């Protein structure tokens, strides 16, 4: 197997002295879909914005992001501009505000096509139409003249995807791409991402707070907490047999459509980045915390191929699902009309 | 079977919206002839996407908005007009919990003062009694007295939502309307608040209307569920029945679209088309442009909400209205 | 769209009518022109004759409607002072005022917008702080104080520039600076905050993620959005230039409409004052119309509203 497409090593990001990402390593191979799950403040978006150097200047970034022979964190800015939107596309949450309200769709797509494909004039229109067709926008020719406010949120996200595809990227980073959308539209967009991936063999990083979204659409999933990866595993394995107490906690906290069961909430809140607890950042909220957890920050260790975990007690813990579904009658009094 | 605490009978609500300052006003029907009942101690989940009219339903249930036609009855009596004296006194019996706790709180006041506000408004108790009630409310929602002394921005999102719930509960209401109360919260915190609501409801026999776009949370918290699409209820029944065995094609699509961890590459129903626009309601069944099963009849004739079984209703031409026909389609 | 324009024009006409009415009322209430023009010592017969001549002895309502009808015919009356037509009197002063206000407006735009944009792009630097501080001063210092300070430095101390009159282009420099600097500072501060607001919006990050160089992001994405709120302020500045002209022309003895207004008001020269107020109102209303129109050009969301309304 060839080396990874992109490799992040020892990435650290701090804002005004407060760490947001505290040492993160990732490797993504061609055509692979990596899901990144975490709650707010976990650093899941900041990691990728930092990798593309899209953070404001006050952010202090350390580490290495390798794409072929380039270290993206040190490459000249012209090189970065060539890669952004070219080999690496990115789409964001809330497509309505991620598109420029005063420019037509044509103009916004044309920028990417001119930059990365060297197109101009008529050939831009033709290619823009082809891309809008590809992402399933009806009346692509007419839509080129539209402004973002004349389209729905789902359509705007399709435009964002078309724009990201303009540079024929090897990697698409999708940062909470469906969070602002209705459920049925979310399903459409995730389906579209799968379709595009099948057709282009593009790698995908899907960042989401929703375990369900990530589980259904990715090969591999990494769970982040307080600026670090705490567990990484093939999607199925992660959900069937999580090894980190935080991952277990997230799964147990998630309501399902099956019969209701008592949700197991994780007590407490995410730590303040300026006042990180000693040792494992999750230990103050962890039911399994032991003295060992308060010493050093646990390293992300490889358990088996494709499986990494950062827990001092990983070897000894046997994390069972918190509760199996209770019979509906005893769980909740059903009121019948 | 108890008498309903709240009943909405054929309520409609139409807004006029105009595009631009001098645009022609367009009538937008947010809720189109909906009937619902909530019994004491029961939680009714209202599910729908944006534009379904679910939040308007919630405001009408509380009497914050009067329906254009139809009636709302609370505890057997007609809902008084918004702003009237009897309406104000009804406020303490029915309270609301909003999605955005920061927006619903005053940044300049310690949260304990805000929790006690409804008592002041309704002139309940003296100073000591109010302080005791605030302390009780804080404790009930899992907050400490120290939390009460803080300002909204000094609390986390989950704690702020607890404050909102504490404030809603301080007048000991019989009905709580929650509009997307956990949508803005992280999963681990969401579970804390959902559990809190379930516990409070069980302890105090609260009736609750729980409005959400998230089927999974609604399933967790509701006994009955009503699914709304473009101002109509398209399906209603116990949460168990509606979400395990959805009858209406829209409910089926919603259930299918809910992401489930560990169930990779399922065959899911993906609806084509855009979310509904209340300003441009399609003819016939409002769902037909997106329905994979739509027939000519669906395009022409609006289906009525029909009883399928006790407590189970759906509005679809394709459902055979016999108990045996329910599964076969 | 036609309906949108028609409604705007109707509103503009209404505004002007209100200004005219207001001026009429205020001027009638604030003293008798006859006594002021003829002097307090004038014999009662002379005053009576003057009033009769100018129609001031008729009922106020009749005067009002006559006046209004005359305006609609384009007849703005005759100066009570020297008997010339008010329009002519005002008209010959307009070029002098434009010679101050137009360069002052360009000065505001040429300093304010680039300074604001540059400050926003270099937030927190010495330049940014300088812009912020001078903006506070620019807004806080009344124009007559600034005028006197400029005269003190450039005319009295340095002797570089004349302190009053209108004999050469040199005479225009200090009045233009006085009129322009305050607005330039305000515009810089406003442009800065408009830019900062836009630079924080998500589509800026999208543009960068597309691979656009930063300069292109600023030019192609940030500026067109920041221009929308800035246009409002420019419209406001045009209005304040007219007000500023009254003060500045008086301080620098500049023979423009502003000074004419001061003189005409103190003389109770009704026709001239009314003509001037009409001119001021018309230019305010016109600049507002231009602002509205620019909104439509700059912001497609408003265009949409206008189109739907048509």
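Positions of Cβ are set from backbone N, Cα and C atoms, glycine also.
It should be emphasised that the depicted structure is a prediction, and the values quoted were computed from it without experimental measurement.
For the transmembrane segment (C:12-31), same-chain residues at least 6 beyond its ends with a Cβ under 8 Å from one of its own Cβ atoms are 60, 63-64, 67-68, 71, 268, 270, 273-274, 277-278, 280-282, 284-286, 288-289. Residues or ranges marked as transmembrane segment in TrEMBL: C:12-31 (among others).
TrEMBL lists C:94-295 with the feature domain 'ABC transmembrane type-1'.
According to TrEMBL, the feature transmembrane segment maps to C:98-121 (among others). A Cβ distance under 8 Å defines the sequence-distant neighbours of the transmembrane segment (C:98-121), meaning residues of its chain 6+ beyond its ends; these are 127-128, 131-132, 172, 175-177, 179-181, 183-196, 199, 218, 223, 226, 230, 234, 237-238, 241-242, 244-245, 248-249, 254, 256.
Taken from TrEMBL, the feature transmembrane segment covers C:133-156 (among others). Beyond the ends of the transmembrane segment (C:133-156), by six or more residues, the same chain brings 162-163, 174-175, 177-179, 181-186, 188-189, 244, 247-248, 251-252 to within a C-beta distance below 8 angstroms of the stretch.
Long-range contacts of the transmembrane segment (C:168-188) within the same chain, counting only residues at least 6 positions beyond its ends with a Cβ under 8 Å from a Cβ of the stretch, are 99-101, 103-109, 111-113, 115-116, 119, 131, 134-139, 141, 143, 146-147, 150-151, 154-155, 161-162, 230, 233-234, 237, 240-241, 244-245, 248-249, 251-252, 254. What TrEMBL records for C:168-188 (among others) is transmembrane segment.
Annotated transmembrane segment per TrEMBL: C:226-251 (among others), in sequence order.
Look at TrEMBL and you will find C:271-298 (among others) tagged as transmembrane segment.
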Folded-back contacts onto the transmembrane segment (C:226-251), same chain, C-beta under 8 angstroms, at least six residues removed: 96-97, 100-101, 104-105, 108-109, 113, 117, 143-144, 147-148, 151, 164, 175, 178-179, 182-183, 186-187, 190-191, 194-195, 197-198, 257-259, 261-262, 280, 283-284, 287-288, 290-291, 294-295, 298-299
Long-range neighbours of the transmembrane segment (C:271-298), counting only residues six or more past its ends (CB under 8 A): 8-9, 12, 15-16, 19-20, 23-24, 27, 67, 71, 76-81, 86-87, 89-90, 94, 224, 227-228, 231-232, 234-235, 238-239, 242, 257, 260-261, 264-265, 306
